[in-house]
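See structure below.
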Amino acid sequence: MEIFYFVVFGGLAAIVAGLELSKSNKDRINTSSAFNSFKNNYLLVYSLMMAGDWLQGPYVYYLYSTYGFGKGDIGQLFIAGFGSSMLFGTIVGSLADKQGRKRASITYCITYILSCITKHSPQYRVLMVGRVLGGIATSLLFSAFESWLVAEHNKRGFEQQWLSVTFSKAIFLGNGLVAIIAGLFGNYLVDSLALGPVAPFDAAACFLAIGMAVIMSTWSENYGDPSENKDLITQFRNAASAIASDEKIALLGAIQSLFEGSMYTFVFLWTPALSPNEEDIPHGFIFATFMLASMLGSSIASRLLAHSSPKVESYMQIVFVISSAALMLPVVTSFLVAPSGVKGGSISFSGSIQLMGFCTFEACVGIFWPSIMKMRSQYIPEEARSTIMNFFRIPLNIFVCLVLYNVDAFPMTVMFGMCSVFLFIASMLQRRLMNVVEIHKSRSQEWSADKEMTSESDPLNA
């Protein structure tokens, strides 16, 4: 493996270590021992869940290609996953609110384990079933766990600001450190032990089973709206009404869909982008490098969220602009750097530049997750949290399905260009959200002031 990869990885590791070690008391939030115990339990579960997810990440595309499927067939398999998340995600989200978030989290483990088992078959239909199961599991992963956390946090009477501590730690560990270890462990299983590309999926199933045991033994159940007289249609209607009547929720959903749609498209594109001429690249090590960049982002986010200024609605505008520029790099390099016609070999100069840009994008992803979680906890009503969060994923999944369905129709630079444009639109919507929040806050203060003046002038209060 080339020294270039080690230099990038080592440089990012040094920056992350420097940021973490240089944190002062001003960058930390003082919490209670009861909260720390609660937080650590959630972080353990979340880390195990993410280990099960991240172990699979770098090898999904690679596994399908070793079974002899081309980019078009693989794109359809990815479409099945995002399509099932779109079709069933809102249903399972509503069931999580009604039947319980703990049950939904256990269902995630079972569903994803079954998805891992299907990877042993080279049959296209079996793999398709696995992708459908994986899509359902993904919907649960990104709604049930967060919904359980927010409800349980509030039920136990912890301070609202402490949520940002759990969010940033969860991303730092689950989407950072665990992902790096998972990438290196997957690389060890596939390359060093030569167990084949299906080995990471078996390891993932083991971690999911351990996490399920912890959930079953330590978590209590909580609900969104458990009232018996509300069926799924009523829950959908209430969630849609909440989105339509509150511009803040609608803007938040649009921002999330644009960013995550670009992110998931990137997940599909980074492998062929870095090896357009079948260059020999270390998939697991590059994946670990991306996750280290994500750790850098979450470390920055934890500092930002620990302070009252700048507001999350403010700094996320800059994050979206930077991420837009990062995904524009493949387009820029295609014009400025002459493509290589040599098959195989090591990563090209253009690929090296793109790798740096992709690391920058992953750093933005690291900032995005705890920040969007913070905003969701502020603006989404508790009674339909999982349902609304999965509503947000509908346009996201439609966008990704359309991109993957037309993956052979458009050059890769066009798809990266579209992602860049969507991220820039997200920055503008984020600015609109900030303005709406400020207007709402100003009106609330005026209303409170008017009420206080009216109360003071009322002779009955004299």
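If you go along the chain as it appears here, the first residue is 1 and each next one adds 1.
Cβ coordinates come from backbone N, Cα and C, glycine included.
TrEMBL: automatically predicted annotations, no manual curation.
As written in TrEMBL, here are the features:
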type     : residues : note
TRANSMEM : 6-22     : transmembrane segment
TRANSMEM : 43-62    : transmembrane segment
TRANSMEM : 74-96    : transmembrane segment
TRANSMEM : 128-150  : transmembrane segment
TRANSMEM : 170-189  : transmembrane segment
TRANSMEM : 201-219  : transmembrane segment
TRANSMEM : 285-306  : transmembrane segment
TRANSMEM : 318-337  : transmembrane segment
TRANSMEM : 349-369  : transmembrane segment
TRANSMEM : 390-407  : transmembrane segment
TRANSMEM : 413-429  : transmembrane segment
Exercise for the section: May I ask you to check whether the transmembrane segment (170-189) and the transmembrane segment (43-62) make contact, with contact taken as at least three Cβ pairs under 8 Å and only pairs 6 or more apart in sequence counted? Expected result: yes
Exercise for review: For the transmembrane segment (318-337) and the transmembrane segment (349-369), decide whether they are in contact, meaning at least 3 CB pairs lie under 8 A, counting pairs 6 or more apart in sequence.
Suggested key: yes
Within the same chain, the residues 6 or more beyond the ends of the transmembrane segment (74-96) and with Cβ under 8 Å of it are 61, 64-65, 103-104, 107, 124, 127-128, 131-136, 138-140, 143-144, 147, 224, 232, 235-236, 239, 264, 268, 384, 386-391, 393-394, 397-398, 400-401, 404-405, 407-408
Are the transmembrane segment (128-150) and the transmembrane segment (285-306) close enough to be called in contact, which here means at least 3 C-beta pairs under 8 A that are separated by 6 or more residues? no
Sequence-distant contacts of the transmembrane segment (390-407), meaning Cβ under 8 Å and at least 6 residues beyond its ends, amount to 71-72, 75-76, 78-79, 82-83, 85-86, 89-90, 92-94, 139, 142-143, 239-240, 243, 252-254, 256-257, 260-261, 264-265, 268, 415, 418, 422
